[in-house]
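One structure is given below, encoded as structure tokens.
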Amino acid sequence: MGLQTAKWPSHGTFVLKFWLIMSLGLYSHVSKLLACPSVCRCDRNFVYCNERSLTSVPLGIPEGVTVLYLHNNQINNAGFPAELHNVQSVHTVYLYGNQLDEFPMNLPKNVRVLHLQENNIQTISRAALAQLLKLEELHLDDNSISTVGVEDGAFREAISLKLLFLSKNHLSSVPVGLPVDLQELRVDENRIAVISDMAFQNLTSLERLIVDGNLLTNKGIADGTFSHLTKLKEFSIVRNSLSHPPPDLPGTHLIRLYLQDNQINHIPLTAFANLRKLERLDISNNQLRMLTQGVFDHLSNLKQLTARNNPWFCDCSIKWVTEWLKYIPSSLNVRGFMCQGPEQVRGMAVRELNMNLLSCPTTTPGLPVFTPAPSTVSPTTQSPTVSVPSPSRGSVPPAPAPSKLPTIPDWDGRERATPPISERIQLSIHFVNDTSIQVSWLSLFTVMAYKLTWVKMGHSLVGGIVQERIVSGEKQHLSLVNLEPRSTYRICLVPLDAFNYRTVEDTICSEATTHASYLNNGSNTASSHEQTTSHTMGSPFLLAGLIGGAVIFVLVVLLSVFCWHMHKKGRYTSQKWKYNRGRRKDDYCEAGTKKDNSILEMTETSFQIVSLNNDQLLKGDFRLQPIYTPNGGINYTDCHIPNNMRYCNSSVPDLEHCHT
């Protein structure tokens, strides 16, 4: 018994401790639930006090809360109790859309993410940010912060700040004294016109800089301003007033550069020389008419280049861009190079530009500078094509009769043609009809192949308008078909050697205008072909007329059938209405007096039953019932005839009647 008595106290102590622990845990849980402010809603570690028209932060924010939602209220700077600063568990606070005019004090000391956008904050003090030593992300967008409203060195007090957003404020310059560990800075949509060389001096960790939508010019940016940003990966300076890209851009890590919507009209050759890791470049919506040759040579890692909406002038100075675009690697995506001038190539892609369409003076070593004079062909001055035998390698072919070349005496007294450079290729054009031209040529040197190009003039040129054909060197003529009547075409002939290229000096171009109606009286074939072409051109209109007439005929037939059907239906309805009306018990005889629904008193000695519908027989049977006359006689005639068309006469005298 003594041993058993000794064990009971130990067991009771264990049970007591167990119940005590359970009670404390339950109390702690209940106390947390009861600690939630009455005007808020608590869900685990989140407290929702947003959109409740609060003018101050509610008291009693429990410990353990990590995210505090206070946005879209009417909280002012006096609405932050001192006890809020001691809630250590809160790391994210949403205070956007309130009525703050200063950076608030007494925020939770360990807050890391703070949203203060869409307030009316005008001043930022060092004391306010000195309380937030762990702040990493600060959103101050869409406030009224000015440069003078930021105390010197205020942002430097937030020693842990990594992301600073100051978009849509009233800054006239970039604040000086930013935290050295800052990684992203947004000062877009402000009034910044000046960036001093000290603004980014210590920001060696900055990776993303956005200064879009400001008043920056090249004069307002100090020399070497961006050279300190050695880790910068993205730089956007869109919607400013730059005339050329900012100098001294850091090229160690820069990947994305956005320069669109400025006034850039010139890009220096060395502007992108150090940007060897650049992958994306946007120069759209500027005033660029040309580019310095080799400006993109150092961009070995470029993946995307956008150059839309620039007034590119496609003369000889842009020829290098055309060649560069043809040989860029497939990994590089280039968009936006479209010619805006001169008029003959407006709207044409620079990549597809044919230099033969332009008058480009070229210089050849040992030869004077010249410009081949294009022979403008008129339909009234063209001569028929001259057949010339193919030239052989050992002899100089004779010149065509219409244009004889100058000659000089040879060593044996014979004369040989020695044409100037501009006349080493003879080009002639013969009009077959209004949609076909035959081009003939004669070369005074050996040619492996020819490239003949033609394009319609006077219209905006897009891809596919310039047509070309490669022909062998033995061929000396080619027919161009499916041309438009009364249109001017520029035709160029380019001789190609074994490597498919020759100097531009041997290229010859000519312009020819097709006519609306050309009839060759001496050639029945051409005339017949022209008539066939005219018939072919008119056949679509004939087919369209036939189809239109057939459609109109079908519509008229359908309308006639519909009207006939409606007329027939209306007639049947009218007959049916008369038939129903004829079955009423008021319409039995020509004369009589209705007594009730079953007796009809006749006042005449005879009566006649007639059909009320002359088109079809009435349905049903009619029987004349016996009539008791005053003298006691019964006289009736059964008119039970299906068609009800016989007359029933009665010999009953006209006497006074009485009701029985």
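In case you wondered, yes, glycine gets a Cβ from its N, Cα and C as well.
From a predicted model like this one, the values you see are computed outputs, not experimental measurements.
Just one residue in ASN202, ASN521 has N-linked glycosylation site written against it in Swiss-Prot, and it is ASN202. The record in Swiss-Prot pairs CYS42 in a disulfide bond with CYS36, which is drawn from CYS36, CYS49. Around the Cβ of CYS49 (disulfide bond), the same chain contributes PRO37, VAL39, CYS40, ARG41, VAL57, PRO58, LEU68, TYR69, LEU70, ASN73, each under 8 angstroms and 6 or more positions distant in sequence. Counting same-chain residues at least six beyond the ends of the repeat 'LRR 6' (183-202), those with a Cβ under 8 angstroms from any Cβ of the stretch are 141, 162-176, 208-217, 220-226, 228-229, 236.
Looking at CYS316 (disulfide bond) and CYS36 (disulfide bond), their Cα atoms lie 76 Å from each other. CYS36 (disulfide bond) sits 67 Å from CYS339 (disulfide bond), counting Cα to Cα. Counting every protein chain shown, the number of other Cβ atoms lying within 10 Å of the Cβ of CYS339 (disulfide bond) is 23. Per DSSP, the repeat 'LRR 7' (203-228) is made up of 0 helix, 4 strand, 22 coil.
Cα spacing between CYS42 (disulfide bond) and CYS339 (disulfide bond): 63 Å, rounded to the nearest whole number.
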